[in-house]
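Written below as structure tokens is the structure these notes are about.
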Amino acid sequence: MRLIAALLSVLLIASTAQSTVTIYESSKPGDFDFYLFVQQWIYSYCDSQTCIQNKEREAFTIHGLWPENSDGSYPSFCSGPSFNVNAIQDLEDQLNFDWPSLTGPNTDFWTHEFSKHGTCSITGPITDIHDYFATGIKLYTEFNITAALESENIYPSDSNTYKPVDITNAITTHFGGKPGIQCSSGQLSTVAVCIDKNSLSIMDCPDLQGWSCSGSVKFPSTA
């Protein structure tokens, strides 16, 4: 009986763990459904992290351009070229401002993002390392989240709170595609727009695992 109970306990733990684990998928480059173009609000991020002070400002910055599947799985660390900073030398000044690491060297962050996500993105209009980062910059210019929110009177504030549905609707109205949003400690922290992998145009995001906010949230103006 003691052995049976132990086995049942192990099975229960395994079953519970399996039900909460995010699906990860290793695959070949280009084998995914769409991109998530992810931007993070600096002050929300730096509220829970020790950020480099001169990088803090009132802005969204690029977190990444991530291949994604409709079922919540995603490819990562695909075979392909290794990150080489020389390939993006002409983009560095803009990347330093638009796609910075807030906690460490920018090149370390770019290496991680390309190794994990960029290697799987080499498909269609994105053919190499330079294309990957240039596309991120282009999308950042095109999808100005702060402007979208301000067009619906949603401004950074340490006192005001906003309904997540109003944030989502503001972005949808401005750009024509339903986004995903994430919150941390009651603050808007991350916004993702979904991008067609062939045309690089915005599309409605499907229901994304882990992308939701509840209650009223802040859009902080300080960390």
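Keep in mind that glycine also has a Cβ here, set from the backbone N, Cα and C atoms.
In the disulfide annotation of Swiss-Prot, Cys78 is paired with Cys120 out of the candidates Cys46, Cys120, Cys183.
In the three-state DSSP assignment, the secondary structure recorded for Cys46 (disulfide bond) is helix. Within the same chain, the residues at least 6 positions away from Glu113 (active site) whose Cβ sits under 8 Å from its Cβ are Gly64, Leu65, listed in sequence order. Ranking the recorded positions Cys46, Cys51, His63, Asn144, Cys183 by the distance of their Cα atoms from the Cα of Cys120 (disulfide bond) places His63 first. With respect to Cys51 (disulfide bond), the closest of these recorded positions in Cα terms is His63, chosen from His63, Cys78, His117, Cys183, Cys213.
The Cβ of Cys183 (disulfide bond) lies under 8 Å from the Cβ of Pro164, Ser189, Cys213, Ser214, Val217, each of these being in the same chain and 6 or more residues away along the sequence.
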